[in-house]
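Here is what TrEMBL says about this protein:
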type: DOMAIN; residues: 1-318; note: domain 'PDEase'
type: ACT_SITE; residues: H73; note: active site, proton donor
type: BINDING; residues: H73, N74, F75, R76, H77, D114, D223, Q274; note: AMP binding site
type: BINDING; residues: H77, H113, D114, D223; note: Zn(2+) 1 binding site
type: BINDING; residues: D114; note: Zn(2+) 2 binding site
Amino acid sequence: PCCRSSLQVTEEVREHLKTPIFDNWQWEEAEMLVLLQVMFTDLDFLTALHIELDVLQNFLFEVYCHYNSIPFHNFRHCFCVTQMMYGLIWLTDLRSKLSKLDLFTMLASALCHDLDHPGYNNVYQINAKTDLALRYNDISPLENHHCAVAFGILSKPECNILKNLTREQYKQIRGAMIKCILATDMARHNEILNKFKTIQPVFDFTNKDHKEVLMKIMVKVSDISNEVRPMAVAEPWLDCLLQEFFNQSDTEKLKGLPVTPFMDRDKVSKPSCQTSFIRFVLLPLFTELIKLFPCLEQHILEPVRHALEYYSDMERASKEDKRT
């Protein structure tokens, strides 16, 4: 696919793109590239950061080329996370609260957060002693790799959307993008959420540390936000994720590595893994975010509660089936 498509993006699609209910499944990859271009353009990044359109198109295409054809952590997932971030920026009116550089950092971090993901998580990398685990000393091997790939793409002159920034601006964006992408390592979830909980009651948009934690939280929320979407959009994503999980646990069994319990096809059911994830990860995270942005309750908290009901019912039905 190529960004230089003649696809005309209607006003209706532009407005829909700003909402969490956007349906990714009806778009081809070439169209998603155009929609990503719309996001960068509509947030006025081209003017504010002096980005040339053809360089943005080259950058987006190169990002597309660096996502692998794997069940879940693929280019479509990258698009969904970026689109959710875009929607949250509009819904929470962050354009009036954060600088263009901060908003750009968040959108670019969402876009690059899983570059060249191999489909096997950090635990696997470390247990299998992969090149990535060795290179990054077992510290967030994947997330460090995603960052390195992102800045590798930006080091190509024809893809360098940051080339017209001052040295100070580049340094700010690079530092913040690294922090945001590293924050997507779920091993750090509680640490980051607890930090946000501490500052949330006294949150100050002019405080650099507060802002940094919020940016990490926004990237994290966007990354794990599938259950915010309508069930017809969200459920196929769960099937893709389980497929990737099962592939990993099958490989772990073959290689005699410790088997990751929540990925084991012999032990995990679709409803049980999802109800746990919603209860222990999504609800605590989203509940904290809506204290800062009450407007998000109907957009992110209510759909997640509905999803919990849906999978709880499925789990009950499955247990009853087994009994009978």
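Just so it is clear, glycine is given a Cβ too, placed from its N, Cα and C backbone atoms.
Around the Cβ of D114 (AMP binding site), the number of neighbouring Cβ atoms within 10 Å comes to 26. Spatial neighbours are here defined as Cα atoms within 10 angstroms of one another, and by that definition the neighbours of H113 (Zn(2+) 1 binding site) among the binding-site residues N74, D223, Q274 are D223. Neighbour density around each Cβ, counted as other Cβ atoms within 10 Å, peaks among the recorded positions H73, R76, H77, H113 at H113.
Looking only at other Cβ atoms within 10 Å, the busiest spot among the binding-site residues N74, Q274 turns out to be Q274.
In this structure the C-alpha atoms belonging to H73 (active site, proton donor) and Q274 (AMP binding site) are separated by 18 Å. Under a cutoff of 8 A between CB atoms, and with a sequence separation of 6+ in the same chain, the neighbours of F75 (AMP binding site) are E29, M32, Y64, Y67. Taking Cβ-Cβ distances under 8 Å and a sequence separation of 6 or more, the neighbours of D223 (AMP binding site) in its chain are V81, A110, H113, T184.
Residues H73, C78, V81, A110, H117, T184 surround the recorded Zn(2+) 1 site, their Cβ atoms falling within 8 Å of the Cβ centroid of H77, H113, D114, D223, which are themselves excluded.
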